[in-house]
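Chemist: As annotated by TrEMBL, region 'Disordered' applies to 1-42, 514-585. Residues annotated as compositional bias 'Basic and acidic residues' in TrEMBL: 1-34. What TrEMBL records for 222-293, 388-464 is domain 'Potassium channel'. The feature compositional bias 'Polar residues' is assigned by TrEMBL to 522-549. Annotation comment: TrEMBL describes 550-562 as compositional bias 'Gly residues'.
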Amino acid sequence: MEDAGGDRVEEHARAFEATTKDKTSSGQTKEKSPPGRLENAPSHLDPSRWWFASAAFPMIAGTLGPVASAFSILALVRPWRQYYVAVNLPDEAPFIPDPEWLTAINAVQLFIAIGANLALLLNMTRRLRFSIAQPVTIVGWYVSSICLVALTATASGPLVIEPAYEYIWSQAFFYGIYSAILYFIVASLMVMTFMGAHMGRYPKDFMLTPSQRTLMLQTISFLIYLLLGALVFCNVESWGYLDAVYWAAVTLFTVGFGDLYPETTLGRALLFPYALVGIISLGLVIGSIRSLVLERGKHRLDARMVEKKRRRLLRSLVMKGKDDILSPIREPSGLVSSPPSIGPGSSVTTGLTEFERRGEEFKLMRKIQHDAERRRRWYAMAISGSTWLVLWLVGAKIFQEFEGPYQNWNYFEACYFAFVSLTTIGYGDVTPVSNAAKSFWVFWALLALPTTTILISNAGDTIVKGIRDTTDQIAMITILPGERGLASGSARAKQANDRVDEETHLERAGANAAAAAATTNKQDAPRSSNKLITFSDSVSPRASWRQNDNGGGGGGGSGGGAESLRSFKRPGHRRPAKSDDSTASLARIEAASRSTSAQLLRMTRAVSLPRQSLPPIPTTPAEYHLTLIEEIGRVTQHLKTHPPRKYTFQEWAWYLSLVGEDENDADRHHKAHAHMRGEKEKHRENRDGKWSWVGSRSPLMSSQEEAEWILDKLTTKLERELRRAVRGERKASLK
């Protein structure tokens, strides 16, 4: 029941409040894991089927449940049989009253189904407990389904009036069949959800976002609007009510066949507001479905595909003997195999430091992400395309069977009709006239049109994206260069490639310099104790930040990460007295704080370039806290970018160093293993606190976006530091 979209704010707020309330008797915050330890939600380790049972199935039930109830209402408002003799069209045939007991049972099942829908709605809005609402919903829908199946079977069997060819089934009879099918499907889905919660696979509650909870309300509102509008127009235009429902669906779905249309002045006047509001309401429902399927579902699918791709790649590296790149380098430098390329090519042995090895491991994980994302897009395209084809071709066959006795349709004509309906073209030259076809069209369109919208969105991510990228490349060479034509375009493309190569060289140079500086610091400075250290004896990072923001090189290494973060006040270390140095430091802080707001206003995706070197960690608590605040502001700006911001290895190394990690320290890293699965791998990494970029605790494996993950860790670190400072001031005041 994870949701990686932007609607997780409430969950993060509750988690933050729970963390702040969890304190010891001395006022300290309980830290269940050592500071700096990376923790991820294990969404990529959970089977996908349990995500469907916990989140997808309730959403489907919440959407189709009201549709089934609407069809139950339509099955009750008119008798189920018509006398079809000496008339031209089925809608002109007179109705034959149903037995009273059939109508009574039909009304009772409708009342039970509405109660089941209400229980599910109250459970989703957290007004009714899961343990009460789910049994009520499941039993209610199953009872309604069984009643409708029994009634339709009885009406089509013992209650058949002879001669049978003189009578036809009305649209109400077919709506009863569709309602029974939907009730059985949604009840079965909720059984799976209830079983998963009972087995402890997820909490007994719907962890749904506001948009997911309101989808059921949007569906109910749209269906009520459609049915009430049909009631008004059937009285204004003297139509049958079920024909008016068919007309309302054709109108609000923007198909507009033209077989039914308002002829009175009042009906045409009412059409203006009715169609406008109805189309907007339908757009909201389809938009919510699209958002939930594409935006929410893709994060879970991405996580699973990245996990599978990661394990396959690790196993492949082990089998080929090219897994040396995954082993931490304990010495200042060593010889390991270069990162294997996925495809033809040979590995070249070269000397790498631990910082460089981590960079190559990071690139390997980026490659895994890229391949999994591309596969996920085409997988979604295949699923939506297959579903659309099934709805088109199978729906066409059903339309052919229903319209054959009345209009003698062949399969091609049925495919033509289904296609112009799916694409909302609606020429109107071929339209249904039978009761079965009209009622089935309403049921079929409610499923087909959202599927078409999802197919178009997936096509935009795959086929259209490929065409657009190819067109942009051709335009870069031919049209965009201007008057100088092809030669200018080629030269410009070459210059762009040269710039990319230069930036890559600078990144590697910065990484090497940072690693060398960190290695020198480790060799010169004595090892500290195992206690967490917070500040280093290095220069202020302000000048380095300004150089990097202005495009300068900026010196310095990685700052040593956790090893170079030393506590400002250590046991046995005297507090330094105020001096000219501290006054100058305060002046630098004030100057930096005055420029922070201007820097944040300039922070956009275009100007936020990867840093070529890592600034040193601040020397004083005040500077360190100000740096954290400044970076929180920067990352907050990154949250606004679309598509989501992807950070370079240099940026990740800097942010990790701020929260206590060190990309130079091999003691904090371990080799990822493909043979360890699920909870076993998670337990191993949580036990020793070590991690790998291609391991299960990698920040790139989190269900959060990268900027969201970094912001979470920076705010947590700032909170801990401020609490530590408050405790220090309290102890000093007591002395």
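Cβ coordinates come from backbone N, Cα and C, glycine included.
Could you give the neighbours, burial and distances for every feature on this list?
Modeler: Taken together, the residues of the domain 'Potassium channel' (222-293) have an average pLDDT of 92.
Residues in the domain 'Potassium channel' (388-464) partition by DSSP class (helix H, G, I; strand E, B; coil) as 61 helix, 0 strand, 16 coil.
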Chemist: Using DSSP, how many residues of the domain 'Potassium channel' (222-293) fall into helix, strand and coil, respectively?
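Modeler: Helix (H, G, I), strand (E, B), coil: 57 helix, 0 strand, 15 coil.
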